[in-house]
Amino acid sequence: GRRRREAAEEEVEETPQEKKLRLAKQYLEELRQLGESRPAAAPRGAQSGCCAGVILCLGMVLGSPAHILLLLQVQPPDPARIRVLRGHQLPVTCLVISPDDRFIFSASKDGSLIKCKWEVDSGKRLCVVPGGKKGTEEQHMGHASQVLCMAISSDGKYLATGDRNKLIMIWDAATCKRLHIFTGHRDAVSGLSFRKGTHQLYSASHDRCVKVWDVAENAYVETLFGHQDIITGLDSLSRECCVTAGGRDGTVRLWKIPEESQLVFSGHQGSIDCIQLINEEHMVSGADDGSLALWGLTKKKPLALARQAHGEQDAQGLQQPYWISAVAALRSSDLLASGSHSGTVKLWKCGEGFRKLEHLLDIPLVGFVNSLKFSAAGDFLVAGIGQEHRLGRWWRIKEAKNSICIIPLKQKTTASRPESPGSS
């Protein structure tokens, strides 16, 4: 009876839509384990009808059958093919990739070189927005303090940046022209994310609250409270909700905006520094205790936990784990990446139906990995590197280069998405 009660306490109530999605994903995972490479090609009859129904259900839940899991096998990249883009004088703190994978936007601690726009193919710097002194934001285009986070809308129209001076700036991504400034946070803005398919923006701050904005209308919507410490990261996808990492309060939270409710998840022992959604029902987070956690949104405890994911360091005679400073997920796949200052970026696979973390390979990179992003197509990974951590100056790695690294990824797809009409 006690075990049943404990199991019930760990369960999170599911909506009917979330249950459909979970069952559909579970069925597809069973098909994969049976060796089915394309669910739509199942034998005709009852099994075929069932499979088609599951795929249709999954498509209705996620908006398109194209969101079916891609199970990828990634080959180690050639270090000679890793491209390094130099331009920031101080550590890169955050970056995003445009939805069409053509451009990278980056920001740093440098007060005179706040935001850059890069072309992926050529590596050229297309746009630079200089910063200024504190209090002069209205007189010039850029920020007047360190930029800690940024986000780009799914249509590529708007770019949002947040800084230590409590400001959120909205930009035209095509021209790098500033459109609006949002004020309202009482401390540094540490996380930004656009809800996919909309111009609704979520922001998180060291003031421990989450705010919702309507960028198209230049309007504030509402504020959400709950974290007991600074919020260090935020992410969202298509549903009207977002997830946050709560630093030293030791919790990850799922905020359901329409219901004005939140779900609390716990499992890390240290400060939770970064978080990313993998799909609509799974997420990954990293903490300064060196652990990497894989979560399901229906369980309050991690589905898988990799302790000391990047090993240990000798800090003043004490063995301490390397902090996890950045995580990334290739959306709707089983491929993850984690970064630290251990000298490598690690790639991981979510195994056994998202209940296991399997280490795939290491990519050598010297410095603090402050930001990681996969391209939408999954053919490259971008890392923002700095001599210091994005949130502080606890250590300094002198041999590191403040730069952006574009890492090509070779993949072999073992289970592909349903083909669209006319595709080869």
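The chain as shown is numbered from 1 upward.
The backbone N, Cα and C atoms fix where each Cβ goes, and this holds for glycine too.
Over the repeat 'WD' (85-113), the average per-residue pLDDT in this prediction is 88. For 85-113 (among others), the entry in TrEMBL reads repeat 'WD'.
The repeat 'WD' annotation in TrEMBL covers 140-181 (among others). The list of residues near the repeat 'WD' (140-181) in space but at least 6 beyond its ends in sequence, with Cβ under 8 angstroms from a Cβ of it, reads 93-100, 103, 105, 107-109, 111, 114-115, 117, 127, 129-134, 187-194, 196-199, 201, 203, 205, 213, 215, 218, 234, 390-391.
Annotation source TrEMBL lists repeat 'WD' at 182-223 (among others). Tertiary neighbourhood of the repeat 'WD' (182-223): same-chain residues 63, 148-154, 157-158, 160-170, 229-238, 240, 242, 244-245, 255, 257, 391, selected by CB-CB distance under 8 Å and a gap of 6+ residues from either end.
Annotation comment: TrEMBL describes 224-265 (among others) as repeat 'WD'. Cβ atoms under 8 Å from those of the repeat 'WD' (224-265) belong to residues 12, 62-63, 149, 187, 190-197, 200, 202-212, 271-277, 279-280, 283, 285, 293, 295, 297, 299-302, 331, 391 of the same chain, restricted to positions at least 6 beyond its ends.
Broken down by DSSP into helix, strand and coil, the repeat 'WD' (265-305) contains 0 helix, 24 strand, 17 coil. Marked as repeat 'WD' by TrEMBL: 265-305 (among others).
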